[in-house]
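Engineer: Relevant sequence annotations retrieved from TrEMBL are reproduced here:
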{"type": "DISULFID", "residues": "C57-C60", "note": "disulfide bond"}
{"type": "DISULFID", "residues": "C398-C401", "note": "disulfide bond"}
{"type": "DOMAIN", "residues": "16-133", "note": "domain 'Thioredoxin'"}
{"type": "DOMAIN", "residues": "335-479", "note": "domain 'Thioredoxin'"}
{"type": "SIGNAL", "residues": "1-26", "note": "signal peptide"}
Amino acid sequence: VMAPTLGFFPAVTLVVLSGFPAAVSSRRDVLELGDADFDYLATEHETMLVKFYAPWCGHCKKLAPEFEKAASRLKGSVQLAKVDCTANSETCSRFGVSGYPTLRIFRYGKDSAPYDGPRTAEGIYETMRRQTGPDSMHLKTKDDLKAFVNNHDASIVGTRSRVFSGTDSPRLAEFLKAATLLREQFRFAHSTNLCVLLFRPPRLTNAFEDSVVIFRDYLTIGSLRRFIRDHIYGLCPHMTIENRDRLRVRDLLTAYYDLDYHHNLPGSNYWRNRVMKVASKYVGRGLTFSVANKKDFLLELEEDFGMGTSDGGELPFITIRTRLGHKYTMREEFTRDGASLQRFLEDYFAGRLKRYIKSEPIPEKNSGAVKVVVAESFDQVVNDPDKGVLIQFFSPSCPHCKKLEPVYGELADTLRSDPKIVIAKMNAVANDVPLGYDVQGFPTIYFAPVGRKDEPVRYQVTHLSPHPRLEARWTSATSPQGALYCTVDRTIIQTKEKPNKCFALITL
């Protein structure tokens with residue numbers, strides 16, 4: 001009777017364990033560190049990426065699976081680790097952690113640099129892979145050079161002729177210092193018989209610009225940094241999830257289509273060449289150009305530009321996003337001769353294009369104490385020059401926003417009789433958030449004072465409890481009588497009815 005039973009359990013155990021190997025392995029690949037063992041364990045690893053997090057943080061939860069996937073791929077070369085700051089406050093305080101998640105790079109236990117790269121598994125893998133090995137690869141043969149520059153990313157190669165006079169040259173030392181500082185973003189190599197060259201990725205070779213750019217300035221870290229900044233991307237780079245933030249520091253036109261350099265190089269460059277033909281006529285006008293795989297940015301295009309599933313088809317879908325956050329879309333069909341793109345650009349530079357704004361409809365009735373604001377009515381309500389406006393950015397699914405609602409309503413009812421004050425709210429998921437308002441989580445509250453609409457003041461909640469309890473209180477104010485905004489005790493508004501008091505949203 002016992003024999004079948006004993007034979008049964010090992011089989012079941014094998015099935016259960018084999019169902020979770022990838023998930024269990026990836027979690028184990030991320031080293032857990034704390035106050036007691038951080039210094040001891042961190043010194044064992046040449047290069048380590050540490051995530052400082054809080055278990056309740058939504059952004060941390062989103063990052064966790066990407067971080068674990070990257071850890072599995074980097075196993076054996078770069079160690080990934082995490083520190084729970086709610087349980088290890090001493091370590092987090094020591095490294096200046098003030099928000100979650102915070103990622104930092106360590107070398108043999110010493111804090112080396114903040115991690116500023118992408119936060120996808122692929123992006124973390126590629127960024128940290130570049131952190132391994134020497135800052136600049138030493139190329140000894142022409143074959144080494146050929147193999148190094150034949151890469152998906154651009155390459156910066158520093159060598160002897162015109163620049164270095166020997167292996168101990170001060171300029172070579174300067175080049176290597178620059179490689180140390182910039183290795184997280186770019187690929188560096190050096191040899192002893194050429195000059196400093198920037199090689200653009202072979203797949204982006206085209207007839208409109210050189211594939212290799214020569215550095216001709218006097219070599220310093222600053223001049224090399226400027227050279228890379230000005231030439232690394234060329235006339236029309238391939239924008240990806242990983243490099244989009246670096247490209248969007250400037251006004252940027254992007255052509256989205258079925259771009260796939262792995263499986264369809266000619267087709268990918270077919271549309272890029274047509275964009276570049278037009279782009280070459282607008283060099284120096286303050287607009288940069290790029291191409292991107294539409295599938296990689298579908299959600300962004302739908303949310304930020306209102307692109308439907310039928311927009312564009314096989315033709316490129318064209319957008320412009322300025323560094324100030326203004327957005328434009330080309331509604332005319334992209335023509336193969338580039339004429340429609342040129343008309344779009346002429347209208348853009350002439351100021352004839354209407355900005356695209358994602359907005360809910362302006363409410364027909366808006367008589368409540370808390371005024372409902374949408375993107376289309378934001379200027380009219382919040383930027384009213386005669387009124388101070390308290391604006392809450394919320395998400396309909398946010399539990400903290402729902403908890404705040406009665407408190408916020410009480411504030412609005414109390415101040416309703418004051419013609420100089422408006423209490424408002426806007427759904428930040430369904431509407432574009434204007435420039436000057438940094439909304440990373442919900443709820444986020446700002447006050448736009450009279451006379452300083454371009455300097456909105458953020459309501460700061462410093463308590464980091466995962467489940468804050470909000471209360472509405474009147475508290476003493478030390479600001480001058482008649483002021484509309486108080487900063488004491490995290491307070492918000494002072495009224496004529498209670499000139500020496502401020503209404504406060506207190507986080508307990």
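Cβ coordinates are placed from backbone N, Cα and C, and glycine is handled just like the others.
Unlike curated records, TrEMBL annotations are generated automatically.
Keep in mind the model is a prediction, meaning the values are calculated, not measured.
So that I understand the layout, could you describe where these features sit and how close they are to other parts?
Structural biologist: Neighbour density for C57 (disulfide bond): within 10 A of its CB lie 19 other CB atoms from the protein chains shown.
In the domain 'Thioredoxin' (16-133), the DSSP tally of helix, strand and coil residues is 49 helix, 27 strand, 42 coil.
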Engineer: Roughly how many Å lie between the Cα atoms of C398 (disulfide bond) and C57 (disulfide bond), rounded to a whole value?
Structural biologist: 13
Engineer: Judged by the number of other CB atoms within 10 angstroms, which among C60, C398, C401 is the least packed of the disulfide-bonded residues?
Structural biologist: C398
Engineer: Helix, strand, coil: count each for the residues of the domain 'Thioredoxin' (335-479), based on DSSP.
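Structural biologist: When I sort the residues of the domain 'Thioredoxin' (335-479) into the three classes, I find 35 helix, 30 strand, 80 coil.
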Engineer: Work out how many Å separate C60 (disulfide bond) and C401 (disulfide bond) at their Cα atoms, rounded off.
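Structural biologist: Cα-Cα distance, C60 (disulfide bond) to C401 (disulfide bond): 20 Å.
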Engineer: I need the CA-to-CA distance for C57 (disulfide bond) versus C401 (disulfide bond), whole Å please.
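Structural biologist: C401 (disulfide bond) has its Cα 16 Å from the Cα of C57 (disulfide bond).
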Engineer: Given the model, what does the mean pLDDT over the domain 'Thioredoxin' (335-479) come out as?
Structural biologist: 85
